[in-house]
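Worksheet for the structure shown next.
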Amino acid sequence: MFKELSRTLGTICALVLAMIVVIFSTAFIISGEESTYYKQESPEQIIDTVPKIALTEQQKKGKSLFKTNCAACHKLFKKAVGPVLYGVTDRYEKEWLYKWINNSAALIKSGDTQAVALYNEYNQANMNSFPNLTKEDIDAILDYIESSKN
C-alpha cells in the first residue's frame, strides 16, 4: 500500500510540475508577443518606414551638402542648435538665405532685421559662415530640404 501511495503522489507531483511549467511557458510567450504589439515608435522611426520618393540629382547633391555642412546644427523637422529647416524657403527669401548662409555675421552686423531677430532667438549664437557654398550649392540644399516631406 505504501508503494502504491508513493507512486500516486509521485504521479500527482509530476502532473502539478508539468502544469506549472506549461503555465509559466505560456505566460512567457504571451508577454513576449504583447511587447511587439504595444511597442511605441519615435516619429523618426515612422518617417523612416514611409516609402521614399527617389531624389533627383540636385537633391542628392543637396543631401550630401546638408550632411556635410548643416546636419551638425540643424534637423529637418525639429529644433536643434539651429532652427527647423523644413519650410525655410517659405519663411525667408532666397536672396536673403544666400547672404545668411554665406556670412551670417556680416548680415547681423549690417542690422538686417530678420538676421538680428534670428540671432537673438538663438541666444546670440552665430551660425557658421559658408562662403565656399555657391548659390547652386545652396539651391541644391534647399531643394533637398523641401523634398524631404515627400
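The backbone N, Cα and C atoms fix where each Cβ goes, glycine too.
Look at TrEMBL and you will find 12-30 tagged as transmembrane segment.
Look at TrEMBL and you will find 57-149 tagged as domain 'Cytochrome c'. DSSP labels the residues of the domain 'Cytochrome c' (57-149) in these numbers: 54 helix, 0 strand, 39 coil.
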Cβ-Cβ under 8 Å with the transmembrane segment (12-30): same-chain residues at least 6 beyond its ends: none
